[in-house]
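Below is one structure, written out as C-alpha cells; comments come after it.
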Amino acid sequence: MEPDPKKIKLDIFNFPTARETRTPEEVAESYAEAVKSHPFYDNVHSVIDFYDSGTIKDGRGQIIGVVLREALPKYAVSMASELLASAAVRTSLRSMMFGGESPLSGIAGYFDYRGSPVELKSRKTSFTYEHEAAWPAVFPVVDYVSELYRHVAPERWKAQNDAIPDVVRIHGTPFSTLTINSRFRTASHTDVGDFDGGYSCIACLDGHFKGLALAFDDFGINVLMQPRDVMIFDSHHFHSNTEVELSFSGEDWKRLTCVFYYRAALGEPASYAEYQRRLEKSKQDNSFTPVVSNVRVKENGTNLNRPSPVYPICPSPFWVPMVAHCLQHCASEAQCVHDAMTADGSRLAEVMFGEPLSTSDGIPLRGEDKKLKANSDSASRPLSRLGGFSETNLMVSTAVEKKKYLNSEFLSHFISAQLLDMWKQARGKWLELVGREWTHMLALNPERKDFLWKNQSEMNSAFFDLCEVGKQVMLGLLGKEVALPKEEQAFWTMYAVHLNAACAEELHMPHVAMSLRKLNVKLKDFNFGGTRYFKDMPPEEQKRRMERKQRIEEARRHGMSSGAHEKRANWLTNDSFDYQTEDCVVDYAQHKWPPPALHAKEITKNVRTGELPTREGVVRVLVVLPDPQSKLECVDCKLEVPETVRCSCEWERLMSSLAVRRVLAAAQRNLQLPGSVTHGNIEIRFAFHSRLPTDMCDFVVLQHVLSCIPDDVLASAYIRRAAALCTGCVYVVETDVQCRQYYTLKCAARCDYDAVASLFFQQLHRVSYGTKAARVRTKGELESLIPTVCCARYKLQGSPLNTTVHVVSPAPSR
C-alpha cells in the first residue's frame, strides 16, 4: 500500500519551533508533576537483576512472569522491527510515563479508540491501515510469541483466545494490538485496558543498549532483556524500566520493544455493535466482498483494569535457582538454604557471604541534585547551535526519527524518477569518496576517530553537488519553488542526520568521525558562504555547475508536473468493513522456517511452572575465603589515604556510614579457617582459596576471592575450578566498584566518585580480608570473567562493601 503523500510531506517538515520549546522551568514543573503519579525506579531500588530464562512467582506462588532468552528467530524479529520501527512516533498521550516528555511510542493492529476524539471506533489503527501491504511482515513474530505464550501459560492463553473477537485478531492469534516503544524508559505503571484473564507478552525486537531492565517495582526484581528475548507476564503488576547504562555522555544506543496483548474493550458490546454496523453497511455494496461474513459475539469476562494484588517475596541469592530454568536441577536444595537464610533471626547470610542480606545504616544515597533526570537521554545527545541548522536536542532527536524519509524507497513516492536517480548517484559518489579518504586516514593511524575534511578535495566538491541535489529534493517534497526558513531548517537537519547515519552504517565509521557539527559547518558553507568559492573556480567549472543546477531543477519540476500519486482514502473517514483484509497465510515450510508450535516446544522444554519437590537429604555448601595475606587485626585506613582524597566530599560521604565504621573497627574475617557449621539439613564447610577440597558439594560460595586474583584470566579460570566442585551453582561474592546509583549520576558526581572509590574499597578489603591491593572490579568486568552462564546478580542492600552476588551455572555457555 502506498503511503499518503500529503500526510508524509506534512510529517517530514513537522519539526519543533522555538515557540514549541518549553522553558527549563516548564520542563522541571512537568517532570515533577509526572513523577508524582508515575515515579521512575532505578536499579538501586531493586534487589535482583535476573539475566537468564526463568519463571518468576510472587509470595503465594502466582506467576508474575516467564522470561525466555533468545526465544525468537532472528529473521522474525528483523522483519518485524524493519516495519514497526516507524510506528513509534512522538506522542503526548504517554508523557506521564516519561517524566512529562513525549516518548517514541505507537500502536498497531486494532484499537477501540474509546475516549479518543476519533469519531469512528473499534477498527484498524492508522499504522496498520496505511501499511496494509507490508503488514504481513509482523506475522511470523506474532505467531512465535503466541505459541510461546500457549506453551508456558496454556490456561491464560485459552481464556484470551476464547474471548477475543475473531474480527480483530492479528493473524489468528489471541492478540488484537501491538504497542511499539523506541528509546522509551517507562516510569512505573500498569497496563490499563488489557484483558484481565490473560497475560501480556513483551519482546525486544532490536537495539544495542545496556540496562533498561523490565522492573517489577513491588517485588524488587529486574529482568534484563536483549533483542529476541520474550517475557510473558501479568502486566497488571506495576512495572517500569531501570536507567540506561551509558559509559559516557552521548554514547549511542537504541532499543525497540513490542508489547502483544488483547485490548479488552474490543470485546465489549459497543465494539460488537460497531462491527455489526459496518458489516450491514458493507452488504449494501455489491462491489465489496468482506473477508469476514459474520460477527460471532463471545463472552468477554469481567475486566476491571485494577492492579494485581501484591504478595511480596523474601529474596535471597538462593532464591535464584528456584526461578532459573537452567538451575532447576538444584532448585529444591536451594529452597532449603533460602528458607533457612530468610527465617527470622537467621545469620546464615553472614556465615556464607560475610555480611547480612540487608544493612540499614550502609552508605547513604545521593540526593536528586546529583542525579540526571530519568528521561534525560530520551533524545539524541545535546549539541550546540551552529551553522546551517539548529543542533538543539529536540531538533536533532526529531531528525533521527525522520531521516528515513531520505531513503530511496520513500523518495520514490514523492519525487521524479530522474531526480531520484540524481540523488542516488550524488549520494553514492560522495560516500565513495568519503570512504576512500577514511581508508587512507586509517592506514596512517588505525586509532583515528575524526575525519579530516579537506576543502580542496574531490570529496568536498561532491558534497556541494549532493547539496544541490538535496535542495531540489527539498523543494520537490514541498511542491513549491521557495522554502520557508523553518522548512529549510527542518530539511537540512534531517539531511545531516541522514548522512551521519550513512557514514556510520554503510562505511562503518564512528559516529563522531563525520559528526553533525562537521556537516553543519559545511552546510553553512553551501547555504550561506558556498558562493564565495564559485567566483574562484575556472570558467569551465562554473559553467558545469550552472548547467548541472539547471538539470537538477528541471528533474524536480518534471516530478511536480507528472501528477499526484494515487492514494487510499483517509484513515480518519474509513468506514468500511475491512477487518482481516490484511491477513494472509505464512508458508513456513516454503521459507524453511520452523513452525511456531515446534519452535515453542523446543524453546520451552526446560520451563518449570509447578511446585518444587521437597529435598530430604543433606545440602552441602562450600564457602571459600581468600588466603590470609596479613595478620593485622586492624588497619588504620588514614595511613594510606592522600590528603586530597580524605578531604573530598565523596570520601566523607562514604566514610559517614556507620556500617563502614564497623567494618573498619572489626577484626580481619579470615585470620583462621572457621569450623564447619550445621543448620538443620544444611552443612557448611570452609576452605582457603589456594587449598580447594576435591570432594563434591551442592553449592560453592566464593567470598571476595576474586579481589585477591588481579589477573582476569586467572580469575576466570578460578571460577571454572569452583564450578567443577559443585552439582548446583557457584555464588561469586564481590565488591562492585561502581555504586548502585552510578548510571543515574551527573557527570561531575560520577567523576568525584570514581576518584575515590577504588581506594575506599581497597581499604575495606585490607581490613576485612588482609588483601593489601584488592582488585575491585565493575559489574561489567566481573561478569566478563564468568566462563559459563550468569543467571542473576543479587545486591546485598546497604552493603558497606557494595557487595553483589553473581549466581553462576556450572553448565557451559549456550
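A Cβ is built for glycine as well, from the same backbone N, Cα and C atoms used for every other residue.
Note that the structure is predicted; figures quoted are calculated from it, not measured.
The Fe cation binding site annotation in Swiss-Prot covers H189, D191, H239. All protein chains shown were included, and the count of other CB atoms within 10 Å of the CB of H239 (Fe cation binding site) stands at 27.
Counted within 10 Å of its Cβ, the other Cβ atoms near R255 (2-oxoglutarate binding site) come to 22, all protein chains included. For R255, the entry in Swiss-Prot reads 2-oxoglutarate binding site.
Positions annotated as region 'Thymine dioxygenase' by Swiss-Prot, on the basis of similarity to another entry: 62-264.
Taken together, the residues of the region 'DNA-binding JBP1 domain' (392-561) have an average pLDDT of 82. Residues or ranges marked as region 'DNA-binding JBP1 domain' by Swiss-Prot on the basis of similarity to another entry: 392-561.
If you draw a 10 Å sphere around the CB of D525 (site 'Involved in J base recognition, conferring specificity towards J-DNA'), it holds 20 other CB atoms from the protein chains shown. Marked as site 'Involved in J base recognition, conferring specificity towards J-DNA' by Swiss-Prot on the basis of similarity to another entry: D525.
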Cβ neighbours within the same chain of D191 (Fe cation binding site) - under 8 Å, at least six residues apart: S200, S235, H236, V259, Y261
Other C-beta atoms that fall within 10 angstroms of the C-beta of H189 (Fe cation binding site): 18
